[in-house]
Every structure is written in C-alpha cells, then in structure tokens.
Amino acid sequence: MKVKYAILEKQDLYRWVEYLKIKARLYAPKKKENLFVFGPVKNADEICLDYIPTILPPKKYYFPQKEKLLEFSIKPFKSEKAIKEFEEYILFGVHTCDIAGIQCLDVVFREYPEDPNYLNRKEKMTIIGIECFKYCDKYANCTSMGNNVPRGGYDLMMVDLGQNFIIHINSEKGERLVVELDYIKEAKPQDLAKLENFRNEKKKMFREELNAPLPEVYKAFSEYESFHSEVWNDVGRRCVACGNCTAVCPTCYCFDIVDELELTLNDGLRYRIWNYCQMDDFAKVATGEDFRKGRNSRQRHRYYRKFKYPVDKYNRYFCIGCGRCSRTCMADIILIETVDSIVDPANAQNYKGLIKNMPEVCQITQDTGACDDR
Amino acid sequence: MIDKAILLEKMKTSPYKPMKARIIEAKMVTENEKFFKIELEGKINLSHEPGQFVMVSIFGFGEAPISVCSSPTDKGFFDLTVRNVGMLTNALHKLNEGDIVGIRGPFGRGFPVDNMFGYDIVIVAGGLGIVPLRSLIRYIMHNRNDFGDVQILLGCRTPREFLFKEETKEWMRRTEIKFKCTVDRADPDWKGNVGLVTSLIPGVDINPVKTYAVVVGPPVMYKFVILKLLEKAIPDHQIIVSLERRMRCGLGKCGHCQIEGIYVCQSGPVFNYAQLKDFRGECHEGECYEKKI
Amino acid sequence: MKKRSKPKVAFFDFTDCEGCQLQITNMGDTLLELTELFDIVNFREIMSEKSDDYDIAVVEGSISTDNDIKRIKGIRERAKILVAFGSCATIAGVNGIKNRAPLELARQRVYGDKADTVNTIKAMPLDEVVKVDYYILNCPPYVPEIIAVFKSILIGKPYPLPNYAVCVECKMNENVCRYEKDEECMGPVTRAGCNSWCINNGNRCYACRGLVENPAADGAKDIFLKYGFKAEDILKHFTLYNDPQGEKKYDREFK
C-alpha cells in the first residue's frame, strides 16, 4: 500500500458516497424518528455520521434476524444450501464499538465447526468506520472496554477533522475504494499532526466508565459470591424478559432453527431466527425441564456471557461498550450499574435504577438536529 | 475410518445439511418409546463414540437431538430409542420401516472409553438413561476383554417402562457381566427388587481406584447416585454422567444447551463429576451433589 | 397421481364481530391457493350453502349464553379438529370486559327492562367449554399466522404459540420503542407471533394476543409507573383483552 492516510474534503463526501454505491450495496446510519438505524442508502443526504448507536447493530447484515439455511423437499428427500450467492456490501460509518462487535462474532463463527453462512457474508463485507470524538450518552462504556478508539477490524476508518475527513486505509479492499479518485488525496504531515491533536483531546474527554479496570471486573465475575449475588435478584425482579437487551447486542448470537413449508406442503425452507437467552423457554427441554429458570438467572447468564465465559474461552470481552442494552431497557437495567455492583456490592446501594452521574457529555440523544446540519 | 472422514467433511462444508437416512426397522418398545434402526445413505457408518448424539430431522417439523443407542461396533446401521414427548419426536413416532429421515452428526463427546480400558465398570441407569448407556454396554460387550468387572444397575418407575427387555434378559444370563434391576413401584407380576436405583449401590463390591462409574438418568437422580458412589470412594473424575439439554444446532453456536461457559453439544453431553462440580450453580439442582446455593 | 381427498372446513361464529372471518376473505389470492388444499363447506360471510359434514371447524367468538355452550359442544362432536379463531375465541377478548361487573348488572346495563328475557353467562374462551386443538390468536388474526396454522393442521403438526413478548419481534423489525417516545404499549407482556403488526404501523400493542405464560407483572408495573401511568390505567390496559386471564399474577399486582 502506498498511502496509509488519505484526505477527503467534506464537500466531496456525497460524491464519494455515490461512488461507493456503484461499487456495492451501501448501508449507513440514518435517522429513524428520534433514533438511528442502519439502512440502505438511496440518497447520500440520508446518511447521518453524527449518530448514537443504531437501534440494531449492523449485525443484521452479517447475521440476519431470519436467515435461510436450507432449501428442502420432503419427497423426494432433498436439501441444499438456500443461499447460493451472497452480495458484496459496504457498511459505512460504523462506530469503533460496533467494529469490535464484528470481531467478536468472527471469533465465534470461525471456531470449528465453522458457520458457512456467516463466513460467506463476512467475506463480502467492506467496513468503513468512523471514529467518535464525543460521547454518545451516559449509557456508553466504550472506554472501559477499550473500544473508543479504532483497533483494526475495518477496511477504512474516517475521522472528522472539521473541514475534512482523514481516512485510515487498513486493507487493500479499502484502498481500492480511495485510490484513483482525484478528490481523495494522500494526507500531509500537518493532517496527521491534526489527527494526533484530536486524539490527545479525546483522551482527556473519554474516561473509563466502569468504576474498576477490566481485569478487576473479570476477577469479580470469577468469584463464587458474585454468581450468587443479590444483584441478580434485583435485576431479575425488574426485568420483564422482553429480550430487548439481547436483540440489540452486537455480540449476542443465539438462534433457533425452524422449518417453514410452502403451500405445496412438500417444499420448504429451514431458517435460523434470532433467539434470546432472556426468553422463558430458552433452556427448556421437551420433557418440560427448564435448566435456567427465573429472570434473575437468565439476566446473570447474559452478563456472564459478556464478562466471564468468552474471556475464558476466547480471551475477549463480549461487551463492546456501545450501551445499547441499557439504552433500550424499559426497566432501567443499566449495564454500568450492574457491573459496578458486582465488583463492589456497596455500589448497589447508590444505584437502584438511577444512572450515576457521568461526566458532562455531548449528547445527540434528543433531537438536536445534529444530523440536519450536515 | 474413511466413513468418519466423509462425515467430518460434510460437517465442515455444510454443517446444517442433514444426510439422507432410511429407517430399516421400527417398533414400539413400551407405551411411549419407539425403537428405530437407521441406515445412512450409501450405508456409511455413523462412526460415533458411545454416548454421542445425532440431530434427527423431519422436514417441515424440524430437528431434535437424540442419543445413539447402538455401539460403533454395530456396523452399517445405528439405533435410536425415542420417547414421544415433543413435536419432533411425535412426528418421528408416526414413521415406520422404509421412511426417510435426515441425520446430522454425530455430535458431542461420548463416554471416555479409551480411558476406561482395564478398569472395572459400574453402570447406573435410571429410566430413559439406559438409552445412551446401551451404546456403551454394547461397546463393552463387543470389546469385553478390554475391561475389568462390569456391573449394570438399572432402575425404572414401573416394570412396564423397562426398555430393551430381550437384551436385559441376555445380560442377566451372561456370566461376564453382573446385572441388577429395580422398580420404584412393582406390579403383581414383578418378582424383582423394589426401590430406587440408589438402593442397589451399597450392595455392589467396588475397588474405587480401579472403577469407572457411569451414571445416566433424569436430572433429579444424579445427586443421590453420586452421593452413594462418593461413599464408595470413587474419585470424582471416574464418575461419568451424561446431561440432557436443549440443543438446536449441535455446533456450539446457538446457545440453548449452554451450562455457564460450556456448550453441552460440543463439550458434553458426557462430563465427569469433577467438571460437574465446577459448574457453580448453573446445573440442575438434582445434577450436582455438592452444589451450594 | 390420485389427489388425496381434501379436508372439509367449516367456519362458525359466536359472540363476536365476525371481523376474523373477514380477514379470511381479505386474503385474496392466498385464499384461492388454500382452497386447493381444503374445501370450505360452511362460511356464512361468503357462501349460502351449509353443511354439517366437516373435518375442521374454525370457530370465532366467545361463549356467552347457555345456548352457545350447547352449540359449541355439538360442533366439537362433529369436528375432528377444532380451531379457536381470534381473540374472542382464544382469550375471550373484549367480551371479557363484561366479567368485571356482576353478571346481573351487566345484563341490566345492556338490556334494560328486557333483561329478564335474556339468557347470559360470563364470557368465556372456547377452551373453557371444549377441547381446542389449534389457536389462531390476534384481533383480528394476522394473515401469515392463519396460513401457518392451516399448514400445520394439514401436515398434522402442532402449532406451539410463542411464549415470548411482542418486543422480540418488534426489535427485529427495528421499530423505535414506544416507550422511547413516552407512549404506552403492552408489548413487553404480550405473547408474540403477530410480527409486531400494530407497532410496525404506528399503533400501540393492546395485548390482543393474550399475555405470555409468565408475565413479569412486577417489572411491567414499574415500567408503567416510571412512564407516568396510573395503576388503574395499567389495569385497564391489562384487562382490555385479558380479563379471563385475571387469575394470573398481574391481577393481584394491580387490583
């Protein structure tokens, strides 16, 4: 690679977006009522690069809500892969936390036995990230998880430097999308200096959101007492098992498998559908035995699947710090509070469903029109 | 071993695609359990370990995990014994000789037969637990001189629920294995033991360091049986259990069968008691004698 | 190849608005495809012929008179398969509101001075009187679910009702949560299966599918209160469709 950093002037952004649209199907964050969602881009001005995490993470593109696995017929008995061709697509404007989420699922689905559907989709994916320079809101814990800054996993990473974007080129796939365009130029030393400056400023603003550093969190989750902590009963009492926290989590990947017949009653499709450990019947077997009874133990399971089990198995935290689970929870089960309370039960007293006072943060949660300014 | 390579390749390239398999024998064995002999297309061997399971598919209905109850030493076919409890097993019960099902697998880790060579074996089965254990028993009988003393203890709720009646008669006749059975509730024709399967354990002569105990049954049974086995001083890692969990994918992905960080479909369903103790509370209250709350 | 004989389907209604049957007529081409698979022998809304010879009875409406009991028992005897169709038939639906007042008072309110001449009993879903084989929930039923249930019937497969909340499907559809906009919604405690039909179209969830088996009344109450709803409003939300489920935990919580 010749160029490692490139510069895109802001007035050329839409031009570039149009160019990307020709290259592959383009998905980007867009406004939906007072929130944001990833969606296909029709017009470049739909894109909001100044956004808080979308309702669903971009997970829906590489691990869709309902995905065909098999095409089958009963007579004659026959089955084959339901999707033969996967299309090229670009995820545009992905936050660094969501990129960390993609890395987590990579580890899971690459582990033997590999999941061909996921890997096929992943192969067709190009990721163009955008680095945040302000906090999304009080729910985010990206700094504690180490995901507030880019750590690989993308093809291009954009940083908004004010008048222009500086783009970090991280792969050949990404490079092909910027070279040969006369309006995207190699970054000059002063651009890189400016980036350095931005990063330094950012360090001052982004502070660890959890009370304890990660190794201590892991240690706490490993202790016997934590597993039987009163915190889980409190969380379980408030939880309504709506499953929102797991639906919106970029690193939740549980699924169920169902068959659907066509009206011929002979041909059909076997799907996998998102399924959540928060559901009442998730661990229930045919004989009626439920191996994970109670909303308290199901919530505990969710937290352990972020802070304990994957660390043991993959040496990787499966919480990426996007804050979606807390943001979406009607019952105010806040991840930062729960984790702090597990680390030090004394914290549980201070919280009781009230988010602690976070440092003053830039917010675009409420309709500030941040998006419309662009 | 070529068959195994074929199956592994299939698992790698299309893990969700079931193999075509034909039912070559089907018969009701109790009021609620049906026995199936199944042949994979091309008569390839399932090449499973005793204690592994397969995912059985009926298109339109779905899939369910079922333990294989024949030994890998039974060549050219494999056996399943299925209780009619859910949607898939209900549909399976309606099938007969000549019908086609889909098979994925084998999945999971079976009984550690290689480690058990040269040891005495005590098999404790409760109810339907005899189904996966039959794969082990047949394996042992086919490789009888690899093992020391073999004792089978079988418990059922009522005499009518006994599975594999012909085979158990055979086990009773044979001299190289000891077989005892008991029922919770007798009927007028029953002449054998009455009581829980745990009541058979104290009477068993065991050299603990040279014994593997293999226990399979309903979740509530484990802690009582394990307690009795521990009283006999059998080391934790020589007490083997097989756990039932909900399984959807068999590939360690879908999450339904998870016990804490462990995917039962990949790391189980067979565990030893030392592993079981490590689950800090996510196993069923009946499954772990030393479980603390 | 000989075509297998088609099962005969009959539609019946009890105390209801017949809107569920209207949903069948709204199916358009799909209805024509379905009639390839079975014959309709009884359907007041679309045909004048009648027959007492049927395999599958699809029954709309709640049981609310002594005569209804007799009639539904007769239908049950003749049918091999009985399908409860719509909220009134499956959970008693809005008819169940009647049960909140003493029966006598309800009779007086509705029929005034003719009250004595009218027979009425508490409003009940079908399964309080007869065995029901399949349930098609919703008010009115959701067409894809109607088709799915019919397919299940035809291949002899049970149709298990989802035991999770509407939120599950609503999130998959990536709707903005109504609570996000400070608007009420019964989604968190209502049985899914409708693909969050109402919320997708800007409406709220009215719990017309009945509650999940184990509704988290405690948590749901906290949520309602947090968003500024009063206890009596919450009870109204819970009982609009679900009064006959009143013995559930939520009733103790809110009364």
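The backbone N, Cα and C atoms fix where each Cβ goes, glycine too.
Pulled from TrEMBL, these are the features on record:
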type    : residues                               : note
BINDING : B:Cys249, B:Cys254, B:Cys257, B:Cys265 : [2Fe-2S] cluster binding site
DOMAIN  : B:16-113                               : domain 'FAD-binding FR-type'
Counted with DSSP (H/G/I as helix, E/B as strand, rest coil), the domain 'FAD-binding FR-type' (B:16-113) has 11 helix, 46 strand, 41 coil
Additional residues around [2Fe-2S] cluster, ordered along the sequence, whose Cβ is within 8 Å of the centroid of B:Cys249, B:Cys254, B:Cys257, B:Cys265:
B:Arg246, B:Met247, B:Arg248, B:Gly250, B:Leu251, B:Gly252, B:Lys253, B:Gly255, B:His256, B:Tyr263, B:Val264, B:Gln266
Cβ within less than 8 Å of a chain A Cβ is the test here; which of the binding-site residues B:Cys249, B:Cys254, B:Cys265 meet it?
B:Cys249, B:Cys254
Averaged over the domain 'FAD-binding FR-type' (B:16-113), what pLDDT does the predicted model reach?
94
Could you check what DSSP calls B:Cys265 ([2Fe-2S] cluster binding site) once collapsed to helix, strand or coil?
helix
Going by DSSP, is B:Cys254 ([2Fe-2S] cluster binding site) sitting in a helix, a strand, or coil?
coil
